[in-house]
């Protein structure tokens, strides 16, 4: 330990500094993981950095050190189907990594150097845990010992034997963190029940000590300060302020010291260095790093420094001691994970000599060779890891390789086999993907990922898309509210408390139906063609006679509306053409059969006059609307039916139920489910929709921690569970999905939300491709999408929705930005189904027939598809900016300027620069944009400076001309303007002083040199000066009486 530890040796003596931009690790997609995850989202060994990404179940992998200053390759490790909750490196083997997620299985990986291929499945799978695994932590002294935490239980595993050595007694609530004592004898935990517990796993499953910790049960962490007696806990106090407490196990009834930070709701991520006693804290999503010195002997917690970072952090990690620059007096290096980079922050102690090893700053530290095996430790061996010097000349050589994870011998590769890209892929497999891949060392010159993994670990010449992973063609989707003239305003008396199974309102191509908050279940029907402010007087409505539980328009009859009531009846209403002129009191038909309140109703997508409904009587009924009778009855549900959905081909019906099951029926074959599988864990609500052409089911629901979660199922194998899970956020409302079958894009939002999530769903990993979300300032009460035929194709609009607010309905357009909008974007608009025409009748479908909608193109008349756009259009010739930036004589610059002007005038029909683009170039868009901005700033800046110098010179010339009485008025005008008459004529390309021709050429040249179309301020200023000079000359040559008239003031 440092000699000055007892006297606040680091307080006021530690400096922090950012590494230069070249040391930042860029080109990543950092993510915050699960909102309930207890990990720091970033971990390091002496070889690798592993970080959470914005893709579910995927971790990013990058070398800790760059090779010869080259750009570090970014790779990925696809380890779980759901969000990775926590991960940890072995303290001895830099290649061994443990991960855990909601799969209830802990996986242990070996990140191999270049060599033999490994299977895409993990080397070791431990579990199941009996619940969502949230914490993993390797043992500090024994090789192959791993602690894991599920919702309320903790286990100690022998990784090599793949079985638990101890299962500790259950906690009173959610387990939040685990911590091994530095000597490896004890295991501590913090829990949502506000208690700290200390276990001796080898003595028994019960806690040997416990105490009441923080008064608030929000996210807490536990750390050990020294070998056995002192601990640190981080959490929240009773008034929700973040605090740090120091504990002495010899007096465990209360903390011996504490520090209160602030009242931020974000949990703190702690890092502690045993050798220096320095504690670094940072909140998730914050930009402030706190550094404290922990002095258990006094006891005290003393602030050392506080720094503000450039970006908000998703996670932090501490670089291992053996990787520090000790000669520069670097005592701690912290890595900060942001959205697009990993940023190093160095803590150093200033010394006169920064190139010598200071033993007082760097005591002997724990080495990288374990003191015992897993079996020996479990038998009672408490040997400690040998401590080594951090002096660069005295460090041990060689690296320890753990025996707990099997590794393939290098001899398994054919000695003369050529090295292919598949041979050096990173291990990115999971139970969901099958390619054989393995991780390469950072020194590999051809390191890359397999095509299925998405991230390519290669030098910078690789494409941006390959480096960042697979991305959606709709990722730049932009949602915007349409002009106010298209809104419905002054809506009064809306029913904002419709059941959770109801979407809140419904719409078709012609009208929208909105439930009202009044007795008798009134429903207002508004014509979309008559948008605007609604009158203050009451509107004609549908008098349903019972509170509305759900409502739905007939897709094949835009004038028929089905309304389900809480009286277990479904009423069919006929809307008169042109809209309601008076209130409707009698329905067209009433469907009776359910015995309790109805949940939801859905029309068949292909067959006319066929409706499905679900009810509190736990049944699903199919109705033939022509006869008004029940046609089929489906059973098999054990609890409330949250949602139902027809498959795109109309053959199957899917349901999601409160009993935790997802079911698929073939109604014409059996009344019992054809398949069923595990559904969302939370019982607060769920929705189901068919995606990927009917191959998959997407279920939105809640997990056991009340996080909103998406689950993707293979429709033919529900029993195997979801292919992938994606946790989004914590909110009480159920996400309502809308799936666009043409594009594969799914929109998700809940009643009361301000955000619409957008993802493209694909049937293979990574399954969910995130797109831009739509945000609004005010919560919406409902969100309904209009048919695809209502989109403005000429504006590249791929979806249009109606947003229900407190007193208004607003249309929202979702557009994909494209440059050449004059062409039909056929890559975004495949042929769409004529869904408004039935493919068959209800009787035919019930009789066993199947149908299919015909398809039509959305291409407007007169628009050419972008795929057929001319490829050889001439591009505008530009003189490189370097030509203007290099030193030239004034005469050369003048000649080149005049030549450029004349060339522009002679090529008025040349296309503009953006005309050469065809849509959004997936791979090169970002590069082109950056180059355009950089060159534009340089050229405009230099041109502006040159124009200022010329203006100054012209002013001086004008002053001299005014002082001299010699010369004609024309010469004086040339001196004042700084341009001769001949030069001005050449600039505007006029041979005679014709006012009409001068004005015409001036307007053209001024327009084509505007910055918005690729011109420059410098050239534009020359055009203006030339026009002014010619105007002066026209005035000089005009008759005297006209000059006198122009000089007379207005009276």
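Even glycines carry a Cβ here, placed using N, Cα and C.
As written in TrEMBL, here are the features:
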DOMAIN    13-69  domain 'DUF1899'
REPEAT    77-111  repeat 'WD'
REPEAT    168-200  repeat 'WD'
REGION    401-443  region 'Disordered'
COMPBIAS  430-443  compositional bias 'Low complexity'
DOMAIN    466-532  domain 'DUF1899'
REPEAT    591-633  repeat 'WD'
REPEAT    634-675  repeat 'WD'
REGION    1030-1051  region 'Disordered'
COMPBIAS  1041-1051  compositional bias 'Basic and acidic residues'
Problem set entry | Stretch-averaged pLDDT - the repeat 'WD' (591-633) | 93
For this session: Go through the chain and flag residues at least 6 beyond the ends of the repeat 'WD' (168-200) whose CB is under 8 A from any CB in it; none is fine as an answer.
Result: 38, 134-135, 137, 139-142, 145, 147, 149-156, 206-224, 226-228, 231, 233, 235, 247, 249, 252, 274, 377, 382, 384, 705
Problem set entry | Secondary structure composition of the repeat 'WD' (634-675) [DSSP: H/G/I, E/B, coil] | 0 helix, 18 strand, 24 coil
Problem set entry | DSSP-derived helix, strand and coil totals, residue by residue, for the domain 'DUF1899' (466-532) | 9 helix, 22 strand, 36 coil
Seminar exercise, completed: Reduced to three DSSP states, the repeat 'WD' (77-111) has 0 helix, 19 strand, 16 coil
Exercise. In the repeat 'WD' (591-633), how many residues does DSSP assign to helix, to strand and to coil?
Worked result: 0 helix, 26 strand, 17 coil
Exercise. How does the repeat 'WD' (168-200) divide up by DSSP, counting helix, then strand, then coil residues?
Worked result: 0 helix, 16 strand, 17 coil
